[in-house]
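Handing you a structure now.
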């Protein structure tokens, strides 16, 4: 085990490595350390017993609530808008887009697919930019861009125009979700972040309800100023993020170090508690590392991220195929276009409730993979039900199984993102790794956009069958990751047996220990 860690540290290519010289910040007086950024933290070389790490539980709760109120509702609102804008094409389709643009065959599916091609390709580059630019600035630019493209979708009059705008919508939206999820990980500890991320992500499931409700109202504007109702859906839902982008520039906090709404001691508390959380109670990690090629390489070479992609595909294949098709499925049960929009709302509200329940339970029990497996098991039941029903008979049963499918898609997603995010360090590797996970995972949207074929309505055997298969694969892969992470933790526990912290630290400099990140002997993986 010791040889393994020595090999890994040499891979980081630190020419000045010297065994037995654990270094901190040398040559700085106490006064100089105290005045670096005005903050006393372990990031400037102070030891854990010299900084604020623990406070009275009531005071800790007060500080975290202060962060919650400033960060989580804002990110949730922005993701709600993003998800509405990428999914409202399903509402526009039955509001007249399909007929007005004279779409036929697989043209609608191709338009859905183009979004995910650009969306997946630009996520990792966008995340690298995030580490170079203030998050508030970059997220504001992304919002303004996707809102502008969405608004322009309201002026298209041809199939070619639809393809172009869908492609650039993917470019503009690509960086938001990985940026927002990464932002949450630099504010909260590993078993605090999931509840916040769930509230943030629940807005995605809620977007289905809002999108249906908005589309129901907006399509009644059909003919105003000579503009069809489906174009008004794009125009009005595109102007909202454009307007909010100017507000976000000033309201969104970038990191604990520069947060103006926190006092000096509150900043120190948040920074130190995160830096000292490794899962073992020993060592530390950093969120202040600068993006470097070695961290990008470390993320791309971690096979467990690719295992997470398989699990991610179960979400994206299911969700994106579902959101683009469920209004048509419900319409096929004999309801009018307007009523089909309304009947999507209860499905998404139910999915949101299950997502929140899973998140709070996962944090409470400090487990991730069991909730991933449980969520996709619910989806499996929904898919089997839809495949077994003799469509178009039993419309009530068909509608009921849609609830299980939606809950099964959405609820495992946050445990997965937190599982991978919790298990990547330092922050640059986490930023790139999470973007890689989300980027490759969203290629599932390409598949999801093409498996619900109009000619197969109302049975959709290809759509429901593919969803069933990938959910089964996700359950198996979650089990594999659980076994791998637990085995690695056990190896590190065995390595540390009988050794003191000082003995382990003596093998590395302080910077080398930080560079090891999640490969440090002090780091323990979340399971």
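Placed from the backbone N, Cα and C atoms, the Cβ positions cover glycine too.
Please treat TrEMBL annotations as automatic predictions, because they have not gone through curation.
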Under TrEMBL, which of the candidate ranges 104-124, 272-292, 482-502 is annotated transmembrane segment?
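Spelled out, TrEMBL records transmembrane segment over residues 104-124, not the other listed ranges.
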From 31-49, 373-391, which range did TrEMBL mark with transmembrane segment?
373-391
Which residues of the chain, 6 or more past the ends of the transmembrane segment (432-454), have a CB below 8 A from one of its CBs?
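Here the qualifying positions are 106, 108-109, 112-113, 115-117, 119-121, 123-124, 126-128, 174, 177-178, 181-182, 185, 291, 295-296, 299-300, 302, 305-306, 308-309, 312-322, 324-325, 328, 417, 420-421, 424, 460, 462-463, 466-467, 470.
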Under 8 angstroms, Cβ to Cβ: which one of 67-84, 163-186, 230-252 has the largest number of such pairs with the transmembrane segment (104-124)?
163-186
When you check the transmembrane segment (67-84) against the transmembrane segment (373-391), do you get at least 3 Cβ pairs under 8 Å, counting only pairs 6 or more apart in sequence?
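No, these stretches are not in contact.
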Counting Cβ pairs under 8 Å to the transmembrane segment (136-157), which of 230-252, 303-322, 342-361, 373-391 comes out on top?
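When the Cβ pairs under 8 Å are tallied, 230-252 comes out ahead.
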Count, for each of 230-252, 373-391, 397-420, 460-481, the Cβ pairs lying under 8 Å from the transmembrane segment (342-361), and report the range with the highest count.
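Per the Cβ count, the answer is 397-420.
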Just to confirm my parser: what is the rounded mean pLDDT across the domain 'Major facilitator superfamily (MFS) profile' (71-490)?
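Mean per-residue confidence for the domain 'Major facilitator superfamily (MFS) profile' (71-490): 89 out of 100.
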